[in-house]
Structures are given as structure tokens and as C-alpha cells.
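Asks: I'd like to ask you about the structure that follows.
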Amino acid sequence: MLCQYLPPDDRPPSSAPPLLAAHALTYSRNATPILGPLHFHINPGEALIVQGPNGIGKTTLLRILAGLLHSDSGHIDINTHHNTTAPERTRHIAYLSHLPGLKQDLSALENLHFLNALHGYHPQRTPSNALTLVGLTDHAQTLVRQLSAGQKKRLSLAQLWLSPAPLWLLDEPYANLDPEGITLLNHILTAHIHTQGGTLLTTPGARPTLPVPTRLLHLKKAP
């Protein structure tokens, strides 16, 4: 399966350098081409939506950008720097998988403190405020394994809100969210974009309507 790149929507170029630029990325599995070649960039103050059906390689792309997989060819520039190390990417990128990256035997609040110990968090935000934002104040001491799927998703959004990373990679963040959760995610994304952060998010279906500047990267099967 080969993914082709369709040019993003036309927008005036940003005066600031891209938060991330991908150059001729390719990836294959068992000698079968999966992705590429892909060329795109993510500017400060905007969201890039990666759209395509399930199985097309959206999650693979995010894992490559996050440094969890290696592309077969091409390279990625982070803040115009080539070949960044894993710690540098961790400081620059927050990756929210479609599977919650939570410690099941820690409480909701302990999970947020654990995140701080690993990566730090936004200097003007606290774990307690994050739990309030996502409506989990009453579950601060509840073990994650005792939370519902919806509550775990909200806790993941609290982790995201606390992240100091300027670039967010979000794998199908709107999946399984109720209308209130969609409003909450839009609020978090808007706050991030308005502070000149950048976001790349994936969707298998219709392009989500976001209250921020967006561009589109459409992946499809090669003819």
C-alpha cells in the first residue's frame, strides 16, 4: 500500500520557521511500500490535519515523526535542526496515541505528576488545574484502571494540556469523544495554537471543523 501526498490547502506562508518539516519521507514493511514520499511542514499557530482511511499509514507517520520508528529514507527537521536526538524530540514534541499512555496502577493525579517528572509541564499550569479543566477533580485519587474509557480519554487530554512541547502529534483525538469532550478538545487546541504552538492530528473520516487555522494532508492508496 503506497500513500500519496496531496498538497495542503493554500495559505500565506508563515514568517516564522516551521516547527517541523518532513522531506521525502518513505517507509515500507516487509518490502511493501507503506508511506511516501511525503513532503510537508507544520507552522507555528496552525493545525495540519492528516486525513485518510484506516490502514493507510497515519499512525505509522506519527510514530516516525515522534522518533518511535525510523523512515526508510528522507529526513525530518525539528525547528530547522536536522537529525535531532531523542531527548530533543521529547522536549519539542508531545505525542498522544490513540491508546492512552497512562499508568494503570497510579491515580489520575499521580499520572500527571509522573508526566512532570519525565518531561516537565507548562509553567503556568498545574496538575490540579488540569483535572479541573477536564472534569476529573473528584477522581484525582482514583486509580486509572478504575476509570471509564471516557475518563481515561479526558485524563489524556489533561496530560496534553500540561505539556510544554510546542508541537503536538495527536492520533485520532476525536475518536470516542462525546459532544462535551469535543468542545473540551477544541478549547485545548485553540489555546495551544493561539500561543503559536502547532498541531498535527489524524482523522479517518470527515475533516473536523477546528476554530484555528488548518491545512490538510490527504493520504490515499496509489492507483
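Cβ coordinates are placed from backbone N, Cα and C, and glycine is handled just like the others.
These figures come from a predicted structure and were not determined experimentally.
The domain 'ABC transporter' annotation in Swiss-Prot covers 20-222 and is backed by sequence analysis. For GLY52, PRO53, ASN54, GLY55, ILE56, GLY57, LYS58, THR59, the entry in Swiss-Prot reads ATP binding site.
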Asks: Which of the three DSSP states, helix, strand or coil, fits LYS58 (ATP binding site)?
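Replies: In three-state terms, LYS58 (ATP binding site) counts as helix.
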Asks: Sequence gap of 6 or more, Cβ distance under 8 Å: name the residues on the same chain that satisfy this around LYS58 (ATP binding site), in order along the sequence.
Replies: VAL50, GLY52, ASP171, GLU172, THR202, PRO204, LEU219
